[in-house]
Number of protein chains: 2
Amino acid sequence: MAPQLEPFFKQVDDLSESFIDRLRKAVAIPSISAADEHRPDVFKMGQFLATELENLGAEVHQRPLGKQPGKEHLDLPPVVIARYGNDPNKRTILVYGHYDVQPALKEDGWATEPFELTIDEKDRMYGRGSTDDKGPVLGWLNVIEAHKKAGIEFPVNLLCCFEGMEEYGSEGLDDFIQAEAKAFFKDTDAVCISDNYWLGTEKPCLTYGLRGCNYYAVTVSGPGQDLHSGVFGGSAHEPMTDLVTVFSKLVDSQGNIQIPGLMDLVAPVTAEEEKLYPNISYSMDDLHESLGSKTSIHATKERTLMARWRYPSLSIHGVEGAFSAPGAKTVIPAKVIGKFSIRTVPNMESEDVTRLVKDFINSEFAKLGSKNTLNVELMHDGKWWVASPKHWNFTAAGKAVQQVFGVEPDMTREGGSIPVTLTFEQATGKNVLLLPMGSSTDAAHSINEKLDKSNYIQGTKLLGAYLHYVAEEPVKA
Amino acid sequence: MAPQLEPFFKQVDDLSESFIDRLRKAVAIPSISAADEHRPDVFKMGQFLATELENLGAEVHQRPLGKQPGKEHLDLPPVVIARYGNDPNKRTILVYGHYDVQPALKEDGWATEPFELTIDEKDRMYGRGSTDDKGPVLGWLNVIEAHKKAGIEFPVNLLCCFEGMEEYGSEGLDDFIQAEAKAFFKDTDAVCISDNYWLGTEKPCLTYGLRGCNYYAVTVSGPGQDLHSGVFGGSAHEPMTDLVTVFSKLVDSQGNIQIPGLMDLVAPVTAEEEKLYPNISYSMDDLHESLGSKTSIHATKERTLMARWRYPSLSIHGVEGAFSAPGAKTVIPAKVIGKFSIRTVPNMESEDVTRLVKDFINSEFAKLGSKNTLNVELMHDGKWWVASPKHWNFTAAGKAVQQVFGVEPDMTREGGSIPVTLTFEQATGKNVLLLPMGSSTDAAHSINEKLDKSNYIQGTKLLGAYLHYVAEEPVKA
């Protein structure tokens with residue numbers, strides 16, 4: 001039975017100006033987690049959220065995470081956790097978001113003041129944090145308020161987990177989630193995260209997969225100190241020459257990873273999976289627009305989406321220790337550290353990847369006959385994540401999209417990683433859904449970040465509708 | 001007939017404390033040409049030299065070079081030019097040196113105050129500029145003073161050209177030399193530059209050759225802006241992948257340049273030349289000490305010296321635009337600029353080298369099938385230089401070494417470039433000699449720069465003896 005959502009939707013429309021005002025107040029707090037001098041603003045933003053939630057009738061706690069590692073003069077901002085409703089006959093949904101933002105300065109090239117929500121004639125709401133992630137976080141608060149004001153019973157118990165360090169590596173969050181999964185979050189039935197984006201600008205999506213990332217540093221060293229190329233060029237093995245030669249063996253210009261055995265780890269494409277890609281609302285024009293060029297590798301959207309979502313890729317990021325400034329310097333760097341990473345997919349296990357990487361690089365280096373020393377190190381790894389899109393958590397969200405937008409959502413994966421997704425899945429053992437509010441053009445992390453008014457208001461309706469459908473879904477989908 | 005040098009040598013010994021005091025005063029002036037705030041000190045050092053030369057009876061001019069290009073609020077320091085003696089029956093020798101120094105801070109790791117001449121128990125005189133190039137410059141002044149005090153007739157007319165911007169690219173000097181070659185320097189018979197170093201620590205050398213340098217930038221670009229490797233890895237051609245692949249084709253780990261045709265430009269080794277290398281006072285231990293490692297390519301000193309002096313080499317210096325900081329960043333750089341240079345030797349003409357480089361890189365890039373764009377640019381070139389070591393300028397210096405040190409000097413070339421050498425040769429049309437005072441361990445440009453007391457005092461004798469032998473050498477050697 002479809003839930004009766006019209007009163008809720010009408011209330012959201014009626015409150016839309018006050019919801020926008022809530023976002024305006026939040027954007028005005030420059031809660032930049034990466035800037036020490038803005039740490040008080042991050043706390044202020046946590047307090048703002050806590051007060052709003054309390055005023056809506058939620059049970060709220062600001063949980064301290066201690067001192068910031070490496071910067072012990074700074075307190076980490078609290079995790080704001082909240083519970084709204086405690087009815088054992090209702091499902092309990094844990095939602096995650098973050099209230100800190102990326103740095104932003106007008107002089108970086110913003111057309112408007114970054115910490116002043118500015119709405120243009122096309123109803124685009126510009127401001128740092130508008131889409132990443134204050135809009136989605138406030139969406140949950142808006143849902144509560146609309147239910148209260150419309151006098152509609154809230155369909156689930158809602159647990160909130162809003163952190164203030166997401167843009168700076170989510171310091172301390174993993175341990176916190178692990179601990180609270182058995183405490184404050186213990187009755188969680190499913191998790192919903194709204195911190196990513198639609199694939200395009202027209203059609204909502206539900207995201208059920210992410211690639212992982214294994215990041216490597218390859219250090220080549222030889223001379224005791226940087227050398228003058230006039231004096232030593234031709235008589236000493238140069239670390240940069242060796243590094244470049246080894247790096248040229250890793251991947252070709254068409255993106256084909258050349259490390260033997262690596263592609264054998266990748267789960268084969270099934271006929272069923274193959275059918276998913278043609279229906280996704282995406283085009284090569286979309287890719288070229290986001291690339292800012294036509295330097296795409298594949299000819300079709302299907303191959304492009306598969307390359308992004310379900311195949312590994314290898315990118316060379318740069319070299320530490322070599323000459324990297326403008327101008328001309330005739331140095332032979334004594335020690336260079338090349339960085340590259342591999343985006344991983346099912347069924348690539350991190351240890352297998354690292355073993356193949358190290359074996360290959362060491363054997364290629366051995367071929368050079370160099371007296372330099374090479375060392376390969378895994379700097380960090382994050383596992384890929386794939387959820388079951390047939391779980392009631394997803395089918396409920398799918399129905400909510402249908403109800404609010406009148407379309408079936410695209411079922412998408414993403415090429416990047418959102419590490420907290422895997423943390424929630426592993427800590428709670430429950431299904432995790434990524435339910436984005438913003439669109440692909442929102443420019444999170446860039447200048448002129450924005451959230452369209454329709455994405456914010458319709459998105460608020462979507463979050464609420466999702467909770468209603470969640471309440472009605474049978475356990476076995 | 002050997003000149004009678006004992007009275008001059010004795011006078012130098014008698015004046016050695018006052019010569020060291022002269023160096024102490026010069027080192028105390030932090031004439032750092034690269035630091036705007038030290039520009040007054042550079043002027044002060046120029047004035048110090050001018051005053052000393054005037055007190056010795058020279059005709060001195062401080063020639064302004066105008067404003068500093070790109071920093072028009074700064075005046076370039078003057079070229080201090082001087083004439084000592086104007087006898088048409090004597091040869092006229094033009095000597096060059098520089099009175100500016102590299103930056104130096106105690107906290108960089110100096111054991112002593114860098115601008116306080118500090119003499120240790122082994123008579124090593126530590127201080128910025130001690131060996132590069134205040135010691136050698138003051139050596140010429142010491143020679144004049146010793147002659148005056150000993151009442152010995154000065155054997156030649158001496159012209160001085162002392163600049164104050166050598167450590168910052170010799171701004172404006174080339175045009176100045178070109179102009180004065182027909183004016184103040186017009187009666188020059190030969191040029192002597194004391195601004196390099198012995199090959200080792202025991203045996204003086206005369207330097208008759210330098211390698212040139214062609215410096216290239218290879219730009220690969222594609223995407224409109226830096227990309228996230230999670231989102232775009234696998235679906236876009238990556239400029240860094242293309243750059244690394246192309247760079248891996250340039251040179252192998254053994255230093256062999258792989259650019260077709262390039263080695264064909266190199267003058268063949270003659271039997272006569274081959275015989276020079278075994279006699280040079282140099283060992284693989286010397287190389288390994290200066291490398292700070294045993295990562296040498298060649299097994300013998302002969303091959304090593306040939307690799308440094310008379311064969312080209314190719315060094316990859318680094319990449320601009322890629323990720324170069326510590327840590328891990330998952331960026332796909334949109335535009336990378338790889339820098340490499342080729343040290344050139346006779347008979348490599350710059351245009352030929354550049355043509356071969358561009359043809360090869362463009363053809364290797366074409367093989368990749370990449371949609372990115374590649375551009376090769378010559379950033380700068382400086383020609384190699386080889387003088388005739390049989391000219392009277394060299395034979396005179398050789399006899400002076402024999403007289404002062406009791407050994408035949410090593411006849412050396414250098415792997416690096418000293419561009420002013422070629423400028424003097426081309427502007428005056430006369431033979432140029434590089435006659436070093438300091439030794440290979442003096443650490444010019446590094447922390448704890450020093451000049452051994454014996455190199456300074458014996459070096460002063462050498463410069464004076466050289467002028468006496470110059471006066472006696474027949475025109476045709």
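Just so it is clear, glycine is given a Cβ too, placed from its N, Cα and C backbone atoms.
Whatever TrEMBL says is automated annotation, not expert-curated.
The Cβ of A:Asp195 (Mn(2+) 2 binding site) lies under 8 Å from the Cβ of A:Tyr96, A:Gly97, A:His98, A:Asp132, A:Asp133, A:Pro136, A:Glu166, A:Ile418, A:Leu434, A:Pro436, each of which sits 6+ residues away along the same chain. The feature Mn(2+) 2 binding site is assigned by TrEMBL to A:His98, A:Asp132, A:Asp195.
Counting only same-chain residues at least 6 apart in sequence, those with a Cβ under 8 Å from the Cβ of A:Asp100 (active site) are A:Ser31, A:Ile32, A:Ser33, A:Val42, A:Met45, A:Pro77, A:Glu163, A:Gly164, A:Met165, A:Glu166, A:Glu167, A:Tyr168. A coil conformation is recorded for A:Asp100 (active site) in the three-state DSSP classification, outside any helix or strand. Here TrEMBL flags A:Asp100 as active site.
Annotation source TrEMBL lists active site, proton acceptor at A:Glu166. There are 24 other CB atoms within 10 A of the CB of A:Glu166 (active site, proton acceptor), with all protein chains counted. According to DSSP, A:Glu166 (active site, proton acceptor) is assigned to a helical segment.
Residues or ranges marked as substrate binding site in TrEMBL: A:Asp195, A:His228, A:Thr330, A:Arg343, A:Ser417, A:His445. Secondary structure at A:Ser417 (substrate binding site), as computed by DSSP, is coil.
Marked as domain 'Peptidase M20 dimerisation' by TrEMBL: A:210-366.
In this structure, A:His228 (substrate binding site) is part of a beta strand by DSSP. Here the recorded positions are A:Asp100, A:Glu166, A:Thr330, A:Arg343, and the ones sitting under 8 angstroms from chain B, going by CB atoms, are A:Thr330, A:Arg343. Within the set of binding-site residues (A:Asp132, A:Ser417), the lowest number of other Cβ atoms found within 10 Å of a Cβ is recorded at A:Ser417. There are 15 other CB atoms within 10 A of the CB of A:His228 (substrate binding site), with all protein chains counted.
Fewest Cβ neighbours within 10 Å among the binding-site residues A:His98, A:Arg343, A:His445: that distinction goes to A:His445. Binding residues for substrate (A:Asp195, A:His228, A:Thr330, A:Arg343, A:Ser417, A:His445) extend across at most 49 Å, taking the greatest CA-CA distance.
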